[in-house]
């Protein structure tokens, strides 16, 4: 596939991510920080977000599995996840975290457990879609096209 066609595909896919609420304006701002001196900036930041989120989701699962549930600890993890998702423009993950924090404040165990599943699901969807986005960018470069971000 030629670079021009791949570029159109990338633009369409990125627009879809915004329309479906996976990404927000913060992702555009993150892209603007990338330049020729740091051509992998966005991939690196998003990869760190993936690693950090997987760690936080694991910690949340353990915290919610305790007999004496520490809602303050759970809320702290959710707050951290909300902040990191906001910083890369992961809008759907961030919005789910806002709801999750409300359930922590209410000390609603069942709702927190359900919210954890929703956050895990939203994160898995986002990760898959971002990997697709980054793969398209790599295909454009391999086809001789310019860096797209």
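Using N, Cα and C of the backbone, Cβ positions are placed for all residues, glycine too.
Heads up, TrEMBL stuff is auto-annotated, nobody curated it.
So that you can see what the record holds, here are the features copied from TrEMBL:
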type    : residues : note
DOMAIN  : 38-143   : domain 'HPt'
MOD_RES : 79       : phosphohistidine
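Cβ neighbour count for residue 79 (phosphohistidine) (all protein chains, 10 Å cutoff from its Cβ): 14. Note on the domain 'HPt' (38-143): DSSP counts are 92 helix, 2 strand, 12 coil.
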